[in-house]
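If you look up Swiss-Prot, you'll see Gln36, Leu37, Arg38, Met39, Lys40, Asp68, Thr107, Lys136 marked as 4-amino-2-methyl-5-(diphosphooxymethyl)pyrimidine binding site. Swiss-Prot lists Asp69, Asp88 with the feature Mg(2+) binding site.
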Amino acid sequence: MEDKTVELQFITHFTDTYSYYDSARMALEGGCRWIQLRMKDTPVDEVEREAIRLQGLCKDYGATFVIDDHVELVKKIHADGVHLGKKDMPVAEARGILGKEFIIGGTANTFDDVKMHYKAGADYIGCGPFRFTTTKKDLSPVLGLEGYRSIILQMKEANIHLPIVAIGGITLEDIPSIMETGITGIALSGTILRAKDPVAETKRIMNL
């Protein structure tokens with residue numbers, strides 16, 4: 001990584017302590033410049049209200065704003081892009097709706113997933129989980145460092161060049177060894193929000 005700076009994606013999470021908006025604001029204050037709004041099992045009108053607020057906040061910080069799952073909402077409010085989970089709309093279908101101007105990320109757990117998203121026109125891959133995480137239901141098999149090394153190696157052999165972002169149960173201490181596998185960046189949520197000072201924790205991560 002240039003300047004040894006971690007490319008950090010922050011995924012919003014509603015907790016007893018922080019709202020979606022507060023969680024994003026703290027990550028932005030700490031230097032993160034990529035926010036994904038993730039509101040599973042929430043009516044789309046509520047997601048839209050939160051998305052519009054967060055979109056304005058991200059613009060203030062010059063940050064990329066991506067919404068999980070809601071392709072039509074991304075197009076409606078002109079967010080920067082969408083992240084699609086394994087049970088969400090296929091990447092190719094989303095690309096057909098959004099065209100080339102929007103960012104589309106796909107979720108992968110295997111090299112075959114990566115290859116499928118690459119052929120479908122994904123801009124980046126969220127790859128995981130690194131380990132068990134309590135912030136997500138229906139986890140795919142845990143990858144660990146060896147899983148990432150294997151996927152990165154197979155990508156090189158197949159001449160597939162696509163940013164790969166590690167996700168799932170990652171702690172600050174894990175990040176250096178994960179980055180050494182050839183991973184492009186890290187996606188975090190609970191690790192930051194469980195810290196005593198989420199802003200300071202984000203700064204520490206950004207400066208690893």
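Note that Cβ sites are derived from N, Cα and C of the backbone, with glycine treated the same way.
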Note = So Lys40 (4-amino-2-methyl-5-(diphosphooxymethyl)pyrimidine binding site), by the Cβ count within 10 Å over all chains shown, scores 10
Those residues of the chain, 6+ apart, with a Cβ under 8 Å from that of Leu37 (4-amino-2-methyl-5-(diphosphooxymethyl)pyrimidine binding site) = Thr12, Tyr20, Ala24, Val47, Glu50, Ala51, Leu54, Phe65, Val66, Ile67, Asp68
Inquiry  = Given a separation of at least six residues and a C-beta threshold under 8 Å, show me what packs close to Asp88 (Mg(2+) binding site) in the same chain.
reply    = Asp68, Asp69, Thr107
Three-state secondary structure, Lys40 (4-amino-2-methyl-5-(diphosphooxymethyl)pyrimidine binding site) (per DSSP) = coil
